[in-house]
Amino acid sequence: MDAQVGDNPVAQAIAHALVEGFNKHYRIFRGTSRRAKEYFEAGDWRAQLDAVRDRVQFYDDRVDETVRRLLEEFDADSLDDATWQQVKLHFIGALINHKQPELAETFFNSVGCKILHRTYFNNDYIFARPAISTEYIESYPPVYSSYYPQDGGLRATIRRIIEDFDWQRPFEDLDRDIDCIMRAALAHLGEWPAMEVNCQLQVLYSAFYRNKTAYIIGKVINGWQDYPFTLAVRHGASGRLVIDTILLDPWRISVLFSLSRAYFMVDMEVPSGYVQFLRSIMPNKPRSELYTMLGLGKQGKTMFFRDLVAHLRHSNDQFIIAPGIRGLVMLVFTLPSYPYVFKIIKDVFGSSKNMDRATVKRKYLMVKQVDRVGRMADTLEFSYAALPLSRFHPELLEELRTLAPSAFEIDGDALVLKHFYIERRMTPLNIHLEKASDGEVEAAVHEYGNAIRELAIANIFPGDMLWKNFGVTRYGRVVFYDYDEIEYMTSMNFRRIPPAPHEDMELSGEPWYSAGPMDVFPEEFATFLLGSPRVRKAFMKYHRDLLEPAFWQAAQQGVRDGHVEDFFPYPAELRFSVMFPATPVAAQD
């Protein structure tokens with residue numbers, strides 16, 4: 001950018017309006033996140049879920065509000081190029097001592113991209129690259145606190161850490177829980193290492209709230225070694241607080257931040273500091289995913305796309321059609337060297353799909369608003385993104401021209417995708433089952449049924465439950481990822497197939513009963529799910545009841561009664577009540 005900061009009053013006023021718009025957004029966002037502590041203390045799980053859902057819309061509301069202001073007060077869509085360059089420079093100046101500069105830059109981009117033509121989507125007019133460093137931004141309270149076990153010993157230090165969170169609900173037996181923490185840590189380490197002179201426990205200032213759990217996240221620094229840890233705090237059966245477990249493996253802590261789970265509620269003045277700390281204990285977790293899981297989805301998208309552009313500059317493979325059975329609604333492609341898939345809504349759907357583009361987009365938004373309980377892959381939604389045309393395989397280009405011609409345009413050497421979704425790439429479950437051993441088939445089918453159960457009690461009916469619509473993660477977890485037919489459980493009518501009036505009708509292969517658009521007959525699932533003898537054997541062993549209306553009706557009733565189920569992002573054998581049987585079990589409502 002060759003422009004210099006000038007005294008253009010319009011540019012200054014627009015920059016000021018943009019900063020005001022962002023600050024209002026983050027003030028509302030942070031206020032909602034801060035209330036998670038109150039919901040946890042009160043055990044108001046429904047309010048917690050509602051807050052996570054409502055928070056998804058905050059960003060777009062403030063962007064639209066700011067766009068309207070700029071258009072009404074400044075005729076922003078008719079400003080000359082020099083003024084827009086001045087706007088960016090004045091905006092940068094306003095961020096020098098800002099606590100969330102990276103988020104503000106993304107907000108600037110979101111507003112600018114709604115006003116400017118996409119030919120302006122470069123670093124002269126928007127933030128294609130960050131302008132303000134997020135290193136060493138000071139905050140009060142600080143991002144993390146440090147505790148020194150030399151002062152009173154490790155046990156007393158752990159107590160001080162927990163008590164500093166100042167939850168307005170007493171612990172059931174904190175001495176017992178600290179004893180469990182010490183025993184679990186010793187079992188993990190094998191023996192206590194010698195305490196070095198720099199030994200300290202660093203703990204993020206805010207707890208991480210999700211569902212019915214508050215997580216304390218930190219690390220022990222001892223000499224040259226770092227030991228990450230996470231404490232899960234829940235309500236006990238007595239109504240008081242208990243420590244449910246301690247997670248000590250970095251990969252298990254990473255699972256907490258899986259995009260298949262609901263976003264955390266965290267009170268952060270300097271979110272970049274939280275991300276930097278989390279990266280120190282999960283170095284393989286992309287920053288884009290960490291921002292997303294902290295509820296900052298637009299920042300996650302910004303960082304993801306910057307990472308993608310950088311990857312494209314340093315690779316030469318081509319985008320290809322994703323392996324697996326082709327979908328009726330989505331055209332899916334991938335870049336083999338990058339662990340994601342790109343999903344475009346087709347212009348014409350398969351004959352069995354009675355829906356339109358708006359319905360599909362609404363279903364994908366629904367996924368962001370619900371508790372995904374570790375069983376639905378999150379998506380990143382993009383519009384008007386330019387990718388190198390030369391990187392698209394000819395077969396994929398032909399598919400795009402045939403199935404989704406309105407979804408893209410070619411502009412010089414770029415292919416511009418008008419609207420698409422991105423998800424983490426997984427092995428389709430149907431492909432996994434084809435290649436799996438008998439034991440692996442049994443494990444995958446067991447996981448598949450568990451995924452359906454957990455979605456159902458979280459008020460999600462998958463709709464199309466074919467194996468191809470589920471994927472297997474690198475940890476062997478089965479996750480649903482095809483959302484065009486999902487519905488709320490409470491909207492469905494689960495029925496038993498009525499008896500045929502006479503035998504000939506039953507043998508005809510034609511249905512003898514009427515069905516409304518929301519009617520579901522679980523007995524029919526076996527017809528399209530259990531063709532393989534290996535799959536049928538495993539399914540009937542673990543999930544026979546999924547073929548009966550009673551399971552679905554009971555799950556439906558639980559949702560209607562306001563029951564909020566317990567979902568644990570760690571195995572039962574890590575819970576203190578299982579590791580140390582004398583420990584009381586945390587409440588399961």
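Cβ coordinates are placed from backbone N, Cα and C, and glycine is handled just like the others.
Positions annotated as ATP binding site by Swiss-Prot: ALA322, PRO323, GLY324, ILE325, ARG326, GLY327, LEU328, LYS343. The active site annotation in Swiss-Prot covers ASP378 and rests on sequence analysis.
Annotated features taken from Swiss-Prot, shown on the structure.
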residue: ALA322; record: ATP binding site; Cβ neighbours (10 Å): 19
residue: PRO323; record: ATP binding site; Cβ neighbours (10 Å): 13
residue: GLY324; record: ATP binding site; Cβ neighbours (10 Å): 15
residue: ILE325; record: ATP binding site; Cβ neighbours (10 Å): 12
residue: ARG326; record: ATP binding site; Cβ neighbours (10 Å): 14
residue: GLY327; record: ATP binding site; Cβ neighbours (10 Å): 19
residue: LEU328; record: ATP binding site; Cβ neighbours (10 Å): 15
residue: LYS343; record: ATP binding site; Cβ neighbours (10 Å): 24
residue: ASP378; record: active site; Cβ neighbours (10 Å): 24
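Straight-line distance linking the Cα atoms of PRO323 (ATP binding site) and the residue listed as 'active site', rounded to a whole number, equals 20 Å. GLY324 (ATP binding site) falls outside any helix or strand according to DSSP and counts as coil. Annotated pair LEU328 (ATP binding site) and ASP378 (active site), C-alpha to C-alpha distance, rounded: 20 Å. In this structure the alpha carbons, written CA, of LYS343 (ATP binding site) and ASP378 (active site) are 13 Å apart. You'll find the Cα of ALA322 (ATP binding site) roughly 18 Å from the Cα of ASP378 (active site). The separation of GLY327 (ATP binding site) from ASP378 (active site), Cα to Cα, is 18 Å.
When the record's ATP-binding residues ALA322, PRO323, GLY324, ILE325, ARG326, GLY327, LEU328, LYS343 are compared pairwise by CA position, the greatest distance found is 15 Å.
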